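Participant: Questions regarding the structure given below will be posed in turn.
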C-alpha cells in the first residue's frame, strides 16, 4: 500500500506523457485522475494507520550510494508528519486533476498537461516521504523542474517563458544554500539520514547548528516565497489556473515550511535561527499583505495572500509551535486552493480576463462561485468557526504567549498583516461580485442569453431547437467564453473544498494542536522543553488579545464596505492626490524590489559576466592561445629576418661568434664548466644584436636617401 502511494502518480504520468497518442485525451485524463484518486484513498488509510496508531513505516528499496565512508539508501518513511502532509497534497492534487478536465478541455495539449500534473504530484510525494536529506533534495529539485514546465505550459507566450525562468532561477539561489547546508551536515556527522542526524543533533556545536539552520532557512525562503526571494511567486501566475492552485496552495510553496518542520530537531538547538524565522515571517506577512492590497489582478492578489499565510507559518516555526504551523499549512491548503479554483471559474466565465476592476455584478450569474469564494475568504480572514480560524488565531496568540519583546512585536505586526488581509479579501469579493457591472457589455448579454436558453431547455426538454436569426448572429459574434457556472467537473472540486474550508479545522484541531493529543508522539516534530509555550498560549494570554484580531477583522471589513458604497468619491479623490498617487504607485510596484534587484544585482552580475568574458575568454585565453601564438611567431620571424642585412661584415661577425661558441663549448665540456662560456656567449650576442640593429638603421637611412634622390631626379 505504501509503495503504491509513491508509484501510482509516476505510472499515470508516464502513460499520459509517453503513450498519450495511443490512449487519447480522455484516456490520459482518466488514467491520471484515477491514479491520483486511488493514491489519495491509500494516503487517507495511511493517515489513520500511522497517525492514530503511532506505527511509523519505513521502506528501503535499494542502495543508492555505497562507499567506504558513506552509505545511503533509496528509502521512504511514513511517520505522523509525512501522512499529515500527504493529506492536503493528494486531496488537492486529485481535485485539481478533476477540475482540469473541464478547465483545459479546449487546450490541444491535454496529455502533456496531465502528465506534468501527475509528475509534479509524484515529486512532491518523494519530497515528503524521503527518509534522508539527499532523497528529499531529489523531490525538491523535481518540484522545481515541474513548476518550470507547468508555468511555461503555454510556451508560445513570452510572459509565461519569462515567469518560468524567473521562478527557476530564484529557486536556484535557495537550492544553492540548501546544498551548502547538506554539505555541512555531511561534514559534521558523516551522514544525511534523518534518524542519524536528528539523534546526534544535541551534540553538534551551536555555531555549526546555526550555520546549518541558516542555510536551510534560506532554502526554505526561496521555495516558500519569503521576503527577499519572493519575486517569482506573483510571476508564476502566468500558468494555467489549476497549476496556480496546485503549486501555490498545497505543494511547492509549502515545501520550504515542511523542510523547516522536518528539521525541527536541528533548528531547536539554535535560538538565532528561531529568532530569524520569527522576524522573517512577521515581515513577510505585513509586506505581502500590503502589496496584495494594491494589486488589480485577481490571481496575483491571491498569490500575495499565499505569501502572507506562509509568513504566518514561519512565525509559528520561529515560536517552536511546529504542530500549529502544520495545522495552519493544511487548513490554508484547502481554502487557498478553493480561492484559486474559484478565481479560475470567474476567469473562465469572462473570457480569460483577470483584472477584477472589469468584473462587477457577477453574483447573480455565478452564484456557486460567489458562495465558495465567500466561504474561502471568511476562512482566510479567520472568521470564527471557519477552518482558518482555528490555526491562524492560534498563531497570533502563540506570538503573544511567548511573553518576550520579539513575541509581542511580532503579534502586533502580524495583526496589522491580518487587517490588510481582510481589506484585500473584501476588495476582491466586492469588485468581482457585488459592485456595479464594470465589464464589457457583451459579457453580461452573453450571461443573460445563455440563462434564457438554459431555462428553455430545462422546461421543454428540447436539446435541439432553432434560434431567431438575430440571436444566432449575436451568439456567433460573442467571444469564446463559458457563461454562468461551469459543468460538473468544474463545480465538484469547489463544493468539496468549500466543505473542507468550513469543517476541517473544527474536526481536526484536537488532533494537531490539542494539549492531550498524542498524534506526534513519534517525535517527527521535536519541541525543546524550554521552548514549549502551548500552556501559556491556552491559559495565560488575556482574552482581549485573543479577540483583538477578530475585532479588527470585522471593523475594517465594515469600514471598507461603507467607504466603497457610501463614500466612493473619497477613495477616488485620495487616489488622485499627489500623496495617494505616490503611495499607490509605490505599493503597486511591490516596494520597487524588482527594480532594486534588476539595477543593483542582475545588471551588476551581467556586467561582471561580460567583463569576465571579455578579459578571460576573449582576452587572456586568446592571447595565450592561437591569437597570441600567431603574434609571437610573426614577431620572431620578423626579428630573424631583420638579421639579414646584406652586409658582409655582419655575416663575418656571425661566423666569428659561431666559431667562438663552438670552441668554448668544446673547452667547457672538457673542463666540466659552462659559466664562462655562457657569459661570453651572452656578451657576444648582445654585441651582435646591437651591431645588426645599428647596421639595419644605417641601411634604412641609406635606402631613404636613395629614394629621396630618385624622387628629386624625377621632379
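Quick reminder: no glycine exception, Cβ is built from N, Cα and C everywhere.
From Swiss-Prot, here are the annotated features:
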TRANSMEM  1-21  transmembrane segment
TRANSMEM  140-160  transmembrane segment
TRANSMEM  177-197  transmembrane segment
TRANSMEM  200-220  transmembrane segment
TRANSMEM  241-261  transmembrane segment
TRANSMEM  274-294  transmembrane segment
TRANSMEM  310-330  transmembrane segment
TRANSMEM  331-351  transmembrane segment
TRANSMEM  366-386  transmembrane segment
TRANSMEM  403-423  transmembrane segment
TRANSMEM  487-507  transmembrane segment
TRANSMEM  647-667  transmembrane segment
Participant: Let me check one thing: do the transmembrane segment (310-330) and the transmembrane segment (1-21) come into contact, meaning three or more Cβ pairs under 8 Å with sequence separation of at least 6?
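Facilitator: The answer is no, given that the two segments have fewer than 3 Cβ pairs within the 8 Å cut-off.
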Participant: With pairs 6 or more apart in sequence, are the transmembrane segment (487-507) and the transmembrane segment (200-220) linked by at least 3 Cβ pairs under 8 Å?
Facilitator: no
Participant: Short question: which residues 6 or more past the ends of the transmembrane segment (200-220) have a Cβ under 8 Å from it?
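Facilitator: Same-chain contacts beyond the ends: 173-175, 177-178, 180-181, 184-185, 188-189, 226, 229, 255-257, 259-260, 263, 265-270, 272-273, 276-277, 280, 314.
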Participant: If we skip the immediate neighbours and take only residues 6+ beyond the ends of the transmembrane segment (177-197), which ones have a Cβ under 8 Å from one of its Cβ atoms?
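Facilitator: Apart from its flanks, the transmembrane segment (177-197) reaches 69-70, 72-73, 77, 131-134, 137, 140, 204, 208, 211-212, 214-216, 218-219, 259, 262, 265-266.
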Participant: Short question: most Cβ pairs under 8 Å with the transmembrane segment (403-423), which of 1-21, 140-160, 366-386, 647-667?
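Facilitator: If we count Cβ pairs closer than 8 Å to the transmembrane segment (403-423), 366-386 scores highest.
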Participant: I need to check the long-range neighbours of the transmembrane segment (140-160): which residues 6 or more away from its ends have a CB within less than 8 Å of a CB in the stretch?
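Facilitator: Sequence-remote neighbours of the transmembrane segment (140-160) are 109, 112-113, 116-117, 119-120, 122-124, 126-127, 167-168, 171, 175, 178, 223, 236, 238-240, 243, 246-247, 251-252, 255, 259.
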